[in-house]
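Student: I have a structure here, written as structure tokens, and I will follow up with some questions on it.
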């Protein structure tokens with residue numbers, strides 16, 4: 001084989017891979033659009049009247065996750081299953097955002113942390129790497145950390161809306177998250193940096209709870225939490 005033939009063959013490989021990446025990008029753009037729609041829907045809970053609409057907003061968000069499933073089903077057909085991590089960078093950020101959105105919906109519904117397995121069901125993915133197109137553990141953890149930041153914001157807006165029990169629930173939940181993450185030996189630099197932000201979320205929520213206590217809402221808040 002001549003030198004020119006070698007390079008012609010290599011160009012064929014490069015062109016084929018570029019075609020794959022372009023197909024992936026198209027699907028990822030659709031995923032990003034759907035994620036924005038879900039986020040816009042859920043952001044309404046931060047507004048005064050939004051607290052009364054939480055069940056309705058969560059139900060509507062779950063309908064949008066049906067579209068997410070369709071896009072992810074399409075995405076996994078665009079590349080060989082064994083090359084998941086070769087192209088993972090293309091959808092990593094939007095997938096972390098979708099994990100956060102799924103976790104936010106579940107928290108608003110039940111005030112619990114969604115499991116990785118439950119997220120895979122919501123998104124229509126596999127929980128195990130051996131099965132191909134799966135939810136990477138680090139992507140799940142990143143999404144959970146985004147949730148913590150969102151909940152710290154929600155604790156502040158809850159007080160503005162007159163919901164004084166919610167910040168205490170959020171405080172308990174975020175402190176449990178912090179304890180859980182302390183059990184992990186995080187190697188991923190990006191994940192570790194994001195985890196560093198969790199302590200600020202914890203502090204922010206604690207300040208909200210403390211402010212409620214100073215203002216005399218502590219007994220009322222505690223009683224409301226016990227009732228729930």
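From the backbone N, Cα and C atoms, a Cβ is placed for every residue, glycine too.
Here's the feature list from Swiss-Prot:
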type    : residues : note
REGION  : 86-90    : region 'DNA/RNA binding'
REGION  : 177-198  : region 'Leucine-zipper'
MOD_RES : 187      : N6-acetyllysine
MOD_RES : 190      : phosphoserine
MOD_RES : 199      : N6-acetyllysine
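Can you tell me where each of these features sits in the structure?
Tutor: Residues 20-21, 24-25, 28, 79, 136 of the same chain, all 6+ positions outside the region 'DNA/RNA binding' (86-90), place their C-beta atoms under 8 angstroms from a C-beta of that stretch.
Residues of the same chain lying 6 or more positions beyond the ends of the region 'Leucine-zipper' (177-198) and with a Cβ under 8 Å from any Cβ of it are 113, 138, 141-142, 144-146, 148-149.
Neighbour list (residue 187 (N6-acetyllysine), Cβ cut-off 8 Å, at least 6 residues apart, same chain): empty. DSSP gives residue 187 (N6-acetyllysine) a coil state; it is part of no helix or strand.
Under 8 Å, Cβ to Cβ, and six or more positions away along its own chain, residue 190 (phosphoserine) finds 142.
A 10 Å cutoff on Cβ-Cβ distances gives residue 199 (N6-acetyllysine) a total of 11 other Cβ atoms nearby, all chains included.
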Student: Limited to the region 'DNA/RNA binding' (86-90), I'd like the whole-number average of pLDDT.
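Tutor: Taking every residue in the region 'DNA/RNA binding' (86-90) and averaging pLDDT yields 95.
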